[in-house]
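Below you'll find the structure, written out as C-alpha cells, and then a few comments.
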Amino acid sequence: MASIASSSTQNGTAAQPARYALAEAILGKEAFLQTNTAKILVVGAGGIGCELLKNLVLTGFGNIEIIDLDTIDLSNLNRQFLFQKQHIKKPKSIVAKQTASSFNPLVNIVAHHANIKEPRFGVSYFQGFDLVLNALDNLDARRWVNKMCVASGVPLLESGTTGFRGQVQPIRPGLTECYDCQPKETPKTFPVCTIRSTPSTPIHCIVWAKSWLFTQLFGADDETEEDELDKAVADGEDAQEIDSLRKEAREMRDIRAALVEAAKQGDQQRVRSVVERIFNKVYKNDIERLLGMEEMWTHRPVKPVPLVFQDAVNGVSAAGSENAQPEGAPAIQADAGPSADAATKSQPPQNASTLKDQRTLSLQDNVELFLSSTSALAVRAAADLSNPLSFDKDDDDALDFVTCTSNLRSIVYHIDRKTRFQVKQMAGNIIPAIASTNAIIAGMLVLQALHILSGKWDKTRFITLTRGSDRYISGFPPAQPNPKCGVCQDVYIPIEVSSLTEVTLADVVDRVAKEALGMDEEDLVVYDGARILADPDFEDNLEKSLTEMGLQQGSILTITDEDQRLQAVNVVISVGGTESGEKIKIAAKDVKKPQPRYVESKADEDDSDDDDIVAEVAEADVPAKATAAASVASKTVAGTKRSRPDEEGSPDQTTLQSSSAVTPDKKQKLQQDGANADSAIVFD
Ligand SMILES: [Zn+2]
C-alpha cells in the first residue's frame, strides 16, 4: 500500500491514480467524480464512525470532515479499529483522521475534536456539505444533527446499532421522514417509590442496589437524597411513604457509622454482626414496615415477603421455593400472597452452567456473597474515609455486592433473579457493541451515500438489520414525512444580521415574521428553545438586543402564533456583512410561509394517545426502538407530540446520581448526550 500511496502522490493530479481505477470502473466516471469531489460531514468517530471513515477513504470520497468530542478509551479498542493502545486518551477524531489518511493519502480529511452542538457548527456550516452521515451514540446529538440538516436542507444518513441490530435511514429534508418523524423511546427516571418500595422488575432491584444501597453504605454522603425526596413529594408521590423513607435513611446513616468503625478496628466478628444488622434492616424490618401500609398493597397482587438473616443463611425463605429459575422464566407468581408454611429448604441451583458469572445464585449463595462483599467493601471504605467508593462494574467487590443485594431483594419481591453476568450488563447499562454489526452498517451507509450523491433518491432504502426473522437485512423506501412532526414540518428561515448587539428582538420579529412572512395579524410568541422570550402579555424583551437575550451565531429563534394555528417558524441567526446596509437580510432564495398546522381528523384522534403510539412502536420491527433495552429503561414517547422543540427526555437520575467521578470529558459528553449518556439505550 505504501508504494501505491507514494507513486500516486508523485503523480499528483495528472491522472486518476491507480488506486481509484476500480472505484471508477464500478461507479462509472461521472458518479466517481461526484463521489470524489463531494463534501461529506461524518458526525462521530466511534464504532460506526471508524468503519465508515475507512470505507469512505477507500471508496474514493475525497473531502471529509469528521467531528467527535470523545477521547479514546481502552474499551473502544475491540471494535474501533482506527485506534490502538498508544492512542488511549487522545481525541478520537484526530487519531481517526491520521489512521484513515494513511490508507489513502489523497483524501482531504478535516478533523474537529469538538461538540457538534457548538455555535460555530451552525446552519451555514451544514450548508457547506453535500451530505451528512451520522455515526452517533446518543439520541440528543442525533436529534440535533437531524434538526440542523432539516434547517439547512442538507441530506442526512442516520445510522445506529445495538448488538446485532442496526439501521440506516436516508433523510431528504421535507420529502422523506426525518429522524424525529417517528417517536423515540427515551430513558426515564424511575419513580422513587418504585425503586425504594415497590419494585416489580429486576432492573428496579439492580438500580436500588447500585444507586441506593451501595451509595448509602459506601458512597459519598448523598446530599441530594433529601432534595430527591422533597421533589418526590412535590411530584405527588405518597407523602406518608416518603416520610418513612426519610426515617430509613437516618437509620442507615447510623448503621454505616457502625460498619466503618468495626472495619477500622479490624474486628471481623463485629463487622459480621453489623452486616447481619444491615441484612435484617433492608430485607426484614423495612419490608415489614412497608407491609404495614395496607393501602400500598390493595392494588398489587403480590406482597413482598421479609427475609430473616438466620433463616436465609440456612437457605430458608418464607417466599416459597427459591430454586434457581430457568433463564427467562417468569417471576414466581403467588396469587394470594405467600403462606408461611410454604417455607422450603433451598436446593442446589438447577442451572447447569458451571461458569461462575452465568449461574443463577441460590439464596444461600447470595447470603454468603452478601457477607463477603459487604465486609470487603467496608474494609476498603474504612481504609480511606476521605475517598468514598463509587460503583464500578469492573470492581469485583462492588459487582458482587450489587449482584447479591439485588437478587436478595428480588427474592423478597418474587422477581426473577439475575446472574452476575446479567447484573454487570444491566448495572453498567451495557448493550454489547459488535464490530461486525458496525461494519455492515458502515457499508450500507456508503451504498446509500452513493445513491444520494448521484441523485438517485428512488434507489435509497431505509435499511434494518434484525435477527429472528427470515431476512437479516431488509430495505424499505423511505417514508413520507409525518405531518405531525415537530421538526421537519416547521418553517426554517436563515437570516444574516449586521450585528448581534445592535439588532433587537423586535427587529427580527418585524422583518421576518411580519414583513417577510405576513404574520402581522397574528399575536406572536417568541422562544429560544423552551424559553419564552416574548408573548403578547410580555413584551419587555422586544427592545433588547440579540446579545442581551443570550443569542449568538447559530442560535435558532422560534416564532409561533399564540394559538399555534400555523406551523412554527425557526429563524436561524448568523452574523454577516449585509452589503445593502440592511440590519437583517433573509438568506433564503424562496421564503416558505407558515401553513396551517396539520389538524388531526376525528379518526386520527381515536388512536392518538401515547399508549397506542407505544404499542405501534413495539410492533414495528425497527431496531431504533431498541426493544432489547426496553426492559432496562421505561418508556416515554418523544418526537411527534409538539411540546417545545428542544424538550428532551431526562437523564436517568437514579443512575447518574451514583456516579460521583465525572471527568471534564465525561461531563461535556453528558451535556451533549443529554438523554442517554449513562442510560440503557446505546447506539454505537
Ligand atoms: Zn420529521
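These residue numbers are counts, starting from 1, taken along the chain as shown.
Cβ atoms here come from the backbone N, Cα and C positions, even for glycine.
What TrEMBL lists as ATP binding site is 44-49, D68, 76-79, K92, 137-142. Sequence annotations record features per position, and here TrEMBL assigns Zn(2+) binding site to C178, C181, C485, C488. Look at TrEMBL and you will find 343-424 tagged as domain 'Ubiquitin-activating enzyme SCCH'. Per TrEMBL, the feature compositional bias 'Polar residues' maps to 344-357, 651-662. According to TrEMBL, the feature compositional bias 'Low complexity' maps to 624-638.
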| note | Residues near N78 (ATP binding site) by Cβ (under 8 Å) yet at least 6 apart in sequence within the same chain, in sequence order, are A435
| task | Check the binding-site residues G44, G47, N78, D137, D140 for any whose Cβ is under 6 angstroms from an atom of ligand 1, and report them in sequence order. | result | none
| said: For the domain 'Ubiquitin-activating enzyme SCCH' (343-424), what's the mean pLDDT in this predicted model? | reply: 84
| For D140 (ATP binding site), the three-state class that DSSP assigns | helix
| field | Around the Cβ of C485 (Zn(2+) binding site), the count of other Cβ atoms that are within 10 Å | value | 20
| remark: Comparing local Cβ density (other Cβ atoms within 10 Å) for the binding-site residues D68, D137, D140 points to D68
| query | Of all the binding-site residues given, namely G44, G47, D68, D137, D140, which is spatially nearest to C178 (Zn(2+) binding site) at the Cα level? | reply | D140
| remark: Cα of C485 (Zn(2+) binding site) to Cα of D137 (ATP binding site), in Å and rounded, measures 22
| message | I'd like to know which of the binding-site residues G44, G47 has the most other Cβ atoms within 10 Å of its Cβ. | response | G44
| message | Between the Cα atoms of D137 (ATP binding site) and C488 (Zn(2+) binding site), what distance do you get, rounded to the nearest Å? | response | 22
